[in-house]
Amino acid sequence: MHSFLLPLELGSASSTWSVRHLLRTHTTRRFNPKDGVTLYRDAYLLSVKLLLKRHWRRANCDFSSQHCLLTSHRPVAMASTRLKYLSLGVLVFQTTSLVLTMRYSRTLQADGPRYLASSAVVVAEVMKIFTCVLLVFKEHSYSWRALNSILRQEIAHKPIETLKLAIPSGIYTLQNNLLYVALSNLDAATYQVTYQLKILTTALFSVSMLGRRLGVYQWLSLLILMAGVAFVQWPSESVADPEKEALSAGSQFVGVAAVLVACCSSGFAGVYFEKILKESKQSVWVRNIQLGMFGLVFGLFGMMAYDGERVRELGMFQGYNTVTWAVVVLQALGGLVIAAVIKYADNILKGFATSLSIILSTLISYFWLQDFEPTGVFFVGAMLVITATFLYGYEGKPSPNPSRA
């Protein structure tokens, strides 16, 4: 028989079976020389047909899979972009609205006594605990039995783990009270810029407590940050009544001191809380319930120790109005909202959020609250702080010998 070459691929079971079937049908009859040519022609055409069909199916499959891949990635990318911009808006809204409403509530001239800051801290802790319980309830498919079981197992049956949260909870309670003191004595713009020193304290505590390494850009950003805050706090030259000027200087000192202590407490408590979360596998919402429980105890103790007499005279909710409740809600839920959306925001978006918050606070303090007179030195300091915020989040190439405390 003729030895012919067929354009068949090895391993093609269907092609091999078809050619064998063709040979079998031709060899069962009595052999004729003319049949050899016919056999070769038929086998060749059949093999080409099968080969083209196979390649067509493969190409069509690859095209379909790539098309599906592209079309499936497109809505995912769009959804990711939307979540990033949504998280940016949430971060800007929370950081700006809390500062401005708190400042407005502390300077608002209203009939009757002003609301107690210690009382607002306590109410915010109650609201935070209630919200976290609802979130745990939702995580366990709205089952009361599962909620009761998880709270008993994670809180009541683990007293040592629960007691670890007493330290950051007490510091957070102190910090929340200090924010009211700061915004009672500083305008929103100055407070917003100065409070960015928490980046410095958080970085230093991260290096010392977590062994985290900082690159050259991050150390440089911390130096720029300190310079920017120093410019913001630079005394302005203004012609005013000496008595009012002395009163304003005293108020400024109290406000700045409160912000500095709040920055240190924020840095330590944040790093300590992060260390606890890394060492355990508990839900972050359960941890926030534990924080809130201790915060409620510390808040009640502070309220009775500092404002106990006024609470006994006029009650815990004296001076509350719509603005006060807005401050309480923003303080209670703001941190939880940020915790929920922060995973969608990268360092650049965080820098944008901080920058926009500082700019908005400056504009609203000047045009609406009218308690802030910007100076050239302030703008230089604010620009340095904004630059430091972006530079700290810059992910450059790691240095060969990073600094470590």
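Cβ coordinates are placed from backbone N, Cα and C, and glycine is handled just like the others.
The transmembrane segment annotation in TrEMBL covers 83-104 (among others).
If you look up TrEMBL, you'll see 116-137 (among others) marked as transmembrane segment.
Summarising the annotation, TrEMBL assigns transmembrane segment to 214-234 (among others). Only residues 6 or more beyond the boundaries of the transmembrane segment (214-234), in the same chain, are considered here, and those with a CB under 8 A from a CB of the stretch are 190, 193-194, 196-197, 199-200, 203, 207, 256, 377-378, 380-385, 387-389, 391-392, 394, 396, 398-399, 402-404.
TrEMBL lists 254-273 (among others) with the feature transmembrane segment.
Among the features that TrEMBL reports, transmembrane segment is placed at 285-305 (among others).
What TrEMBL lists as transmembrane segment is 325-345 (among others).
Beyond the ends of the transmembrane segment (352-369), by six or more residues, the same chain brings 88, 91-92, 95-96, 99-100, 103-104, 107, 187-189, 191-193, 196, 345, 382, 385-386, 389-390 to within a C-beta distance below 8 angstroms of the stretch. According to TrEMBL, the feature transmembrane segment maps to 352-369 (among others).
Look at TrEMBL and you will find 375-394 (among others) tagged as transmembrane segment.
Away from its own ends, the transmembrane segment (285-305) comes close to residues 116, 118-119, 121-122, 125-126, 128-129, 132-133, 135-136, 139, 150-151, 154-155, 162, 165-166, 168-170, 172-173, 177, 273, 276-277, 311, 316, 336 of its chain (Cβ-Cβ under 8 Å, at least six residues beyond either end). Taking Cβ pairs closer than 8 Å, the transmembrane segment (375-394) reaches residues 189-190, 193, 196, 199, 203, 217-218, 220-222, 224-225, 227-234, 236, 346-348, 350-351, 354-355, 358, 362 in its own chain, all 6 or more past its ends. Tertiary neighbourhood of the transmembrane segment (254-273): same-chain residues 165, 167-168, 171-172, 174-175, 178-179, 181-186, 190-191, 194-195, 197-198, 200-206, 209-210, 233, 287, 291, selected by CB-CB distance under 8 Å and a gap of 6+ residues from either end.
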